[in-house]
Structures are given as C-alpha cells and as structure tokens.
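Enquirer: When I checked Swiss-Prot for this same protein, it listed these features:
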type	residues	note
COMPBIAS	207-237	compositional bias 'Low complexity'
COMPBIAS	251-263	compositional bias 'Acidic residues'
COMPBIAS	266-278	compositional bias 'Basic and acidic residues'
CROSSLNK	K52	SUMO2 cross-link
CROSSLNK	K143	SUMO2 cross-link
CROSSLNK	K148	SUMO2 cross-link
CROSSLNK	K298	SUMO2 cross-link
MOD_RES	S6	phosphoserine
MOD_RES	T8	phosphothreonine
MOD_RES	S62	phosphoserine
MOD_RES	S71	phosphoserine
MOD_RES	K143	N6-acetyllysine
MOD_RES	K148	N6-acetyllysine
MOD_RES	S151	phosphoserine
MOD_RES	K157	N6-acetyllysine
MOD_RES	S161	phosphoserine
MOD_RES	S314	phosphoserine
MOD_RES	T315	phosphothreonine
MOD_RES	S347	phosphoserine
REGION	206-294	region 'Disordered'
REGION	335-360	region 'Disordered'
REGION	413-434	region 'Leucine-zipper'
MOTIF	355-364	motif 'UBR5-degron'
Amino acid sequence: MPLNVSFTNRNYDLDYDSVQPYFYCDEEENFYQQQQQSELQPPAPSEDIWKKFELLPTPPLSPSRRSGLCSPSYVAVTPFSPRGDNDGGGGSFSTADQLEMVTELLGGDMVNQSFICDPDDETFIKNIIIQDCMWSGFSAAAKLVSEKLASYQAARKDSGSPNPARGHSVCSTSSLYLQDLSAAASECIDPSVVFPYPLNDSSLPKSCTSPDSSAFSPSSDSLLSSTESSPQASPEPLVLHEETPPTTSSDSEEEQEDEEEIDVVSVEKRQAPGKRSESGSPSAGGHIKPPHSPLVLKRCHVSTHQHNYAAPPSTRKDYPAAKRVKLDSVRVLRQISNNRKCTSPRSSDAEENDKRRTHNVLERQRRNELKRSFFALRDQIPELENNEKAPKVVILKKATAYILSIQAEEQKLISEKDLLRKRREQLKHKLEQLRNSCA
C-alpha cells in the first residue's frame with residue numbers, strides 16, 4: 001500500500017507513535033521484515049490473510065513515549081541516517097527524514113534487539129503473531145527462557161565471587177541467546193572453564209557472573225525467593241542446566257525437561273538424608289542420579305520336553321495297557337515335580353502359564369487313556385479285532401452285544417454246573433450204598 005501522507009507543516013515535530021498507524025511497507029515480501037531479520041518470529045503462513053483483514057487503527061489522541069525510542073539503541077541509530085543531518089536526533093525533521101528514520105527503525109538490527117527481544121516492550125505485546133492464539137507459542141518460550149536465565153543467574157550469584165572478564169562473556173552470550181536461539185548454541189560457555197574443579201571436591205567452584213545480571217529478567221529475585229521458601233522444592237532443578245542455557249523452546253523438549261525434573265525428585269526421595277547435601281552441589285554433568293543396584297534374577301530350568309501327542313498311537317500289543325498307564329503317569333508326575341523344583345520368585349503370568357501347561361498335559365493324558373481303552377475294547381470283540389478304523393460308536397454297540405451274549409452264555413453254563421453238581425451228589429450217594437452192601 002503506497003504512503004499517502006500529506007503534512008501542512010514540513011517541520012512539524014511528531015512522535016513515532018502518532019505517524020506509525022499510517023505507515024505500511026511498499027512490497028509484500030517486506031511486510032514481516034522485522035520478524036524475518038530477527039529470526040525469532042518466523043513469518044506466519046497466512047500473510048495475505050493478515051493483510052486482507054487488517055483494519056487501519058485510529059491514531060492516538062496524544063503522542064506516547066515508547067521505552068524503545070528513548071533507549072540507547074534509538075540514540076545509536078539516529079546518527080547513522082543516510083542524509084547525514086546535523087541535528088543528531090534532537091531537532092525537527094522533515095517528512096522525508098522521518099520516513100527514513102522509520103525505515104531505519106524497522107530495518108535496524110540494534111533496534112530489533114530492544115523492540116523484539118524484550119518481552120516487556122509494547123511492540124512485542126502488540127505484535128500480530130503474539131496476539132494470535134495459534135502463533136503465541138513464542139511467548140511461552142520467551143517466558144521459559146526468562147525463568148531459566150533467572151534461575152541460572154541466581155545460581156551463579158550464590159556459587160562464588162564475580163569475575164569481570166568471564167561475566168562480560170556471559171552477558172554477551174545471554175544477549176545473543178535472546179537475539180537468536182540457533183546462534184547462541186555455538187557461543188555457550190565451556191563447562192570446564194566455568195567448573196574447573198572435580199565433582200568430588202567439597203568446595204564450590206568460583207563461577208562467573210556480571211554485576212548487572214539481574215537485568216536479564218525482572219523476576220529473578222522473586223523466583224529465587226520462591227524456590228528457597230517452598231518446602232517441597234528440590235535443589236535439583238537449579239542444577240539441571242547450569243553450564244549452558246537451553247538451546248531450544250519446543251514443546252517436546254519442555255516435556256523432556258519436566259520428566260527429567262520429576263525423575264530427579266523421585267530419586268532424591270529415595271536417597272538417604274546424608275546424601276542430599278551432596279546432591280545439592282552443582283556438577284558439570286547437570287543431572288545427579290545414584291547408581292541403581294542391579295537386579296539379581298534367578299533362573300531355573302523348566303523342562304520343555306513334550307512328546308508328540310498328535311501322532312497316531314500304536315495299536316501293537318508290545319506291553320499291556322496297565323503298564324502303559326503306569327509309564328505315562330510317572331512321566332507326567334516327573335514333569336510336575338520338575339516345575340515345582342523351581343524356587344525363584346515368579347510373577348502371576350508365569351504361574352498362570354505353568355498351570356495352563358500342566359492342565360494341557362493332564363488333558364492330553366486323559367484323552368490318550370480313553371483312546372487306548374477303546375482300542376483295548378475293540379481288540380476284545382471278535383468281529384472288530386482286526387478292524388483298526390472302527391469308529392467308537394460301532395465299538396460300543398458291538399461291545400454291548402458281545403457282553404449280552406457272554407452273559408447269556410454264562411447263565412447257561414451256571415445252570416449246567418448246577419445240574420452237574422446234583423448229578424455228582426447222586427453218584428456219591430449211590431457209591432456209598434454199594435460199599436455198604438459189599439461189606
């Protein structure tokens with residue numbers, strides 16, 4: 001959208017806020033120039049939609065003074081005007097000079113640090129992407145960064161005396177970290193430089209901090225006091241990342257940090273009271289976890305040798321059926337005894353599997369015994385003696401008929417036996433009579 005602004009007075013002194021609502025960039029790709037240069041706020045995928053539905057705000061009634069315009073960065077930018085005015089930023093400007101000044105404000109890297117990187121600034125709050133609920137994740141990330149830096153600087157204050165040279169490097173690194181998250185990862189402090197002492201040393205190592213380190217976050221003292229006054233607070237969260245600030249602000253790594261903190265708290269509860277003082281000391285590794293005692297698992301040999309019960313049983317008369325039953329029962333009892341000899345503690349699943357296995361073995365044994373009984377009954381029937389494929393129903397019917405015929409024959413034989421006994425008695429009595437007559 002072209003700039004259509006007309007001023008009656010060329011030397012009219014206006015503040016940036018009174019003219020800002022009328023300014024728009026000429027080209028579409030420069031609409032998010034401030035966000036593209038800082039790389040902290042990537043351009044939204046719906047730039048055209050934002051421009052289409054953007055309403056022109058009304059100018060304020062009275063010009064307000066921004067903290068960014070009064071900051072040293074604003075004063076540092078004004079002498080770099082291409083016009084080379086001798087005003088030095090203190091006199092009246094023409095319309096062209098004001099336009100160039102606004103362009104430099106939008107494109108200057110030094111001003112971007114004060115306008116964009118400061119979460120408390122009004123420009124940061126009035127940003128389009130910050131106001132959108134879908135793209136407001138950066139606000140939470142900046143809040144997390146400020147909290148981490150506050151705890152980081154508070155821990156550095158308590159750990160030792162300040163060192164000016166190292167404090168300057170820490171300040172520069174932290175400011176660069178606020179400016180660019182990806183660039184700060186390569187400029188972090190070496191842990192060996194900050195903590196030159198070993199882990200087992202009782203004395204705390206001297207760490208570097210700057211005199212004005214509290215300027216990074218206004219809530220550093222409040223965070224430190226809340227951490228010390230909380231009865232449930234653990235000394236471990238301050239020790240998690242002392243040597244370097246976090247290098248990412250994604251949700252997945254925030255969840256990982258939360259899980260690690262919970263893990264540290266749970267481990268600290270298991271430790272003895274004497275070891276808690278040692279766990280509170282800072283270390284180069286960050287996380288302090290006690291060595292876990294190895295679990296001693298005793299294993300026992302479970303007999304898995306099983307016969308192939310699915311194979312067709314042999315009908316040969318090698319040994320009697322009673323001997324077969326005895327051998328099978330001995331084999332099953334031996335398997336059960338081998339399972340009971342295992343003295344190691346098992347879970348409920350292992351016990352259930354053993355019970356199921358034992359039940360399956362006993363069920364197979366019962367079926368095999370029933371099958372052998374049918375085969376033995378078939379061998380006793382004369383009609384089915386040589387028929388190995390006789391069904392069980394035929395075997396039962398033939399066996400019933402055979403039993404009835406045997407019972408009828410038995411009754412006949414019993415009656416014959418009675419007749420023969422009577423005949424014998426008669427013959428004995430007649431023999432006695434003959435002996436008496438001869439005598």
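Any Cβ shown, glycine's included, is placed from N, Cα and C.
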Enquirer: What's the most sparsely packed of the recorded positions K148, K157, counting other C-beta atoms within 10 A?
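Expert: Each of the recorded positions K148, K157 was scored by Cβ atoms within 10 Å; lowest is K157.
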Enquirer: Just name the most isolated of the modified residues S151, S347, going by other Cβ atoms within 10 Å of its Cβ.
Expert: S347
Enquirer: For K157 (N6-acetyllysine) and S151 (phosphoserine), determine the Cα separation and express it in whole Å.
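Expert: For K157 (N6-acetyllysine) versus S151 (phosphoserine), the Cα atoms are 10 Å apart.
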Enquirer: With DSSP helix as H/G/I and strand as E/B, how many residues of the region 'Leucine-zipper' (413-434) fall in helix, strand and coil?
Expert: 22 helix, 0 strand, 0 coil
Enquirer: Roughly how many Å separate the Cα of S347 (phosphoserine) from that of S151 (phosphoserine), to the nearest whole number?
Expert: 46
